[in-house]
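According to TrEMBL:
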type	residues	note
DOMAIN	25-99	domain 'CDCP1 first CUB'
DOMAIN	112-208	domain 'CDCP1 second and fifth CUB'
DOMAIN	213-284	domain 'CDCP1 first CUB'
DOMAIN	291-396	domain 'CDCP1 second and fifth CUB'
DOMAIN	402-473	domain 'CDCP1 first CUB'
DOMAIN	480-585	domain 'CDCP1 second and fifth CUB'
DOMAIN	595-694	domain 'CDCP1 third and sixth CUB'
DOMAIN	794-886	domain 'CDCP1 second and fifth CUB'
DOMAIN	894-1006	domain 'CDCP1 third and sixth CUB'
SIGNAL	1-23	signal peptide
TRANSMEM	1014-1039	transmembrane segment
Amino acid sequence: MRLREARAFLGLWLLTVLGFTECLQTTVRSDKGVMVVVSVSAALPLDQCSVCTVSGVNDTETSCHSSITLPEEEVKLLFNCSQPVENSYTVTLTRTIECTKDTCSPSTIEAQPILSELSRTFTWELKAPEKTVVSLDILGKGLVETSKPCTDGFQYSVATSKTSSKGRSQYCRDGSLTRLDLPDQASVSLQVKPKAQVESMLFQASAGPLKGRTMVVSVDSSTTVTLSRDPEGLECEVCTAEVSPPNCNPTKKTLTKADKLSLEFSCPKPQEMYSVTMMKKIECTKSSCTPAAGEVDPNLFKEFKQSLTWDINVPERTVLTLDFPGGGLKEISGAETCKDGYQYSVSTTRSDGTIKAKNYCKGGKVSTMDLLGATTVTIDVPKDGELEQKVFNVKAAPRGGRMMSVIPDPSTSIIINRITDEPDCSVCINEPPKPICNSKQLRITEPRNISVEFTCPQPQDIFTVEINREIDCTEASCSGDAVQAESSLFPDFNRIFTWDPTFVSTRAFQVDFSKKGMRQIPNEETCPDQQTYSLVSYLRTGPATIGTFCKGGTVTTILGRYRVRLSLEVPRDKKPDPVDFKINVGPEISMAAIVKVNLPRGVSDTDFTTPSYPSDFPDNQQMLWDFTVPGMHNYTVRFQDHTAPECLNGEVGVEYQKEDKKVTKMTLTDAQPVHQQGDFKMLLKNCETNRTLQGLTLNYRVSLMRSGHPVLCTVDLSKRQVSLQIEKVGSDPHCEMSINSKVEEKITVEAGTKASLSFLDCPSEEVRLTASQVIGCKDVTSCSSTLLTVPKLVPCLPMPLHSFTWHLDIPADRTVNLVSRTGLQQSLPGQECNRSVSLHVKERDGFSVGDFCFNGIIQKIQTQANISITARAKDFSKGFRDSLNVSFTQEITETFIYKVAPKASSPMLLATPNWPRGMKPESTVSWIVALPSQYQAQMQIVNISQPKCRDRHTAITVKMLGYEEEIMSRREDEEAQDKLSVPHSFYLNMSNCKPEEGKFGAITKVVLQKKTNLLAILLGIAGALLLLLIILAVVCFVTKKKKKERKDKESSIYIGKGNIFRPGDRHFTKTRSDNESHVYASIDDTMIYGHLLGDTTYADSLQDHYNGMQTDSYQTFTGPSDGQLPVIKEPDPEPELEHFNTFLDPSESFIPSRPRTPIDRQDSLGFQDRRMVDNELYTFKSTGDINPIRLSGVDMEPQPPILEDSL
């Protein structure tokens, strides 16, 4: 077909009507069998870009479209577009190649040279019978497969199927590929850029029967091979010929345990149609794996695209190690692909059942992987890809876990939380019968020894530990109010200590910090020491973070409402160093929180924020800051950042209040206080806000500076013997002291001088004032007794007196005597001084003698050394009331002499000078102990340290005063006597040697005991016993004599009626017989026959029988006093009774009762008449003399011994 092309421009009228900027008109004719489609490629509307057919007389008729299919005849086209024509249109030329089993028509494929000014796409579609292959021999330069655009403007594309996008390949010219073997329905396309010249003849087409491919493969028993084909792709069957007829499958074939198996493909290039998947298994124990490597046959299906997978099974708690030889791997994201086609995938099944997968490419640093759990390794290999036989090595080992024992405190919970996804790890509690494990969170609440086990060796990288303690509070106090962080639990984990106190709803919580205080920081920041504190209050509107704090700052106390949580975050391997918190029950408050702030002295800037900043402050809540400002300082408040809400009800306000002053109300935009003095409170109020908009937030700063008013004081010591020393003891860098306008760190005003002092911003606790006085004794005339007193100092000094020191200087032949009218007491362990005034005595060379206080047992201290006495008192302004007198006497032979007078009320401790650091070498000390009368001393050395002597020996000697004999004497190489009893006042001496090593010192305990006169007690007892024997002998003699007389001449009878006479009565005296005590109330058989029966059970049975008047056993009856018989009226007969009463009631017999006379000695219950004792029945008695026998043993008790004092 010939192309007849003519180019002409339309007339000016057509250009004016259409208004196009680009215009092309041409005449074309398509070849027979070629479908030509011209389309607008630019995204423009039809009126701006179109292709038109021109016809009619003088080309006056046009028909414009966005796309036109050209007929197989000549047609005139007009291209009108507002953009360049070559970039706005595309031309598609499509032709079908018809093939039989051996030929194709046309056999030569040509490209029609048409519309070369435009971009063109030539497409040839192939049709062939089944099992026929169409071969296209490339004429000219060969092709090369590519995935990038071709630079010369000629892009070839081959598709093996119309219905599937798979199997499409792109080629460029100048390659080695000279033939394309394509199946039925395949297509070949050539895309050409505008103005590119295309060769007319491109391919030579031929057809022939489809020839398949046969492969022989071997598959081991641990491998499963699957060949699969896309059903939408070209048809290609795969068959196995081990059976007849062959076993064929058009899309999928699975092979297992095959040895030299023949595979027949129905297509010549099955590698283009099929992909291969190989599955292998590796079984592992806790110590090894079989096989020990992931291996492949490098030549098996090498031409195919392969996917190799290894399933590795491992026991629980086993670590699987994969080692990839050669170059390492590089991890990629899930959406990335490897450019070289080699892509690795490693997936692990975790203990909770989840699967974690990672993808890798070649060329990285990952060569070893430690995996926990069952693992799957997959490698995607491109066609003709090269693989080593050993892809990776695999090892198994017992999984290293970690076990620890914890004992939570009561009311304490331990929560172990996971913070990372990798690696796989669980935490378990070994509870029978089966451990309780969890990979996310585990809570321990029981206060007992619990074994916690982690299934990974480094659990501190995976878990964090929260240690929570609940604190119960009543209306008055909280249990365990001191907040302390337990440092022994999980020390190498990141820990969060939390405290949850519970309060009564009507009371507030109060958190008191230590003196160091806390510093508020933004909520998202961390403290420099990585120990960060936070306080959260659970308001009714939701939780609000009162603040995040670091140690060391101005916040001292926080009060709040409702429930609160205090937390401390501590990083791993860092011991908690918490501020000493105390949680108390505070008063009832009506605001969200109260923060008490103690601003520091000097220049400072302190920032504060509202709760939850930068989030909103809760609606309808108030916040109070209570500031304590040091004296002589000015403060300024600056709002650095704030946001104001839209109020629906109420308004936002700021209120300031000072002591005894009115409240000052301001808004957020008003000027805040500047250069003010004194303590103040700042209250922030919020309204009910529109929560869809920004709420209330505030970040402000309080700046502090010194006001600069020094304290001036003139000290005149020109006429006094006292020196002053003032030094800084605090760390306040703003304290400034000066003497005579010269700034000094330490000021000394000597005795006899005058100085002007200045103190700027120096509080009393930052400086220390001491004073001293020298008392000298140069000769005998100047050595007079002196009373030590503390003189009054000038009142302008802004600090109290801390201590006063007297320096005592004496000649070499003199002795210093210290005497107190109340006595002195040495401060020792177990005998501490708790007085308001203390004395420290030391030698001028710094050797300490000891610490003393008043009201003690030491009456005098003597020493031959120059000493200094330093007095310290809580308040010297009240005067140095306890007098201490100093006198000077002749030289003594001892280094120190103590005169003591112990008290019986308490033990006494005597310590050597400079205890416990030891005495000076070759020094001596003596105690003269005066005991009170009638007391002795028990002496015991309770603590002693002996040196190794180089010269001489240490000695401990005890003598009684007035005696030359030593009752104890010990050296350092002798065992000291533990206890010693001293009966009189004594003398205790201790002397030191010249030590080679060690030190000499001792504490002696003296206890007073009352003396006992044992001889006097024994003599008294012996005399009493002798007197008792004499009395018993006399009694026995008299008793026997009277008994004999009664038997010889006396008897008694009883006459019921008539006169009563008793032979031998000479007179009737009125004694005991005048009363009625002689009348029998009853007769107790045990009293009569008791000495004969001996059985007391009979007497017991009769105790309750008689209930008459209580009388003695026998009462004497002498008859009427006038000698006449009384007229007795006989009583009426009485009814028979169960018991026969031998005697009448005293009220019914003889005469009426008479008034009782005073009871004589014989009338007592403890008295018994000897005259009745001799009668067997105790019935009769003589009228002889009364012989008393004591029935009671009271008077026979031994008399107490006669003590020495009574003598």
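Using N, Cα and C of the backbone, Cβ positions are placed for all residues, glycine too.
Whatever TrEMBL says is automated annotation, not expert-curated.
Most Cβ pairs under 8 Å to the domain 'CDCP1 third and sixth CUB' (595-694), among the stretches 25-99, 112-208, 480-585, 794-886, belong to 480-585.
Here the domain 'CDCP1 second and fifth CUB' (794-886) has, by DSSP, the following mix of helix, strand and coil residues: 3 helix, 54 strand, 36 coil.
Residue counts for the domain 'CDCP1 first CUB' (402-473) under DSSP (helix as H, G, I; strand as E, B; rest coil) come to 3 helix, 38 strand, 31 coil.
Residue counts for the domain 'CDCP1 second and fifth CUB' (480-585) under DSSP, split into helix (H, G, I), strand (E, B) and coil, are 0 helix, 57 strand, 49 coil. Counting Cβ pairs under 8 Å that are 6 or more residues apart, the domain 'CDCP1 second and fifth CUB' (112-208) and the domain 'CDCP1 second and fifth CUB' (480-585) reach fewer than 3 and are not in contact. Counting residues per DSSP class in helix, strand and coil order gives 0 helix, 54 strand, 43 coil for the domain 'CDCP1 second and fifth CUB' (112-208).
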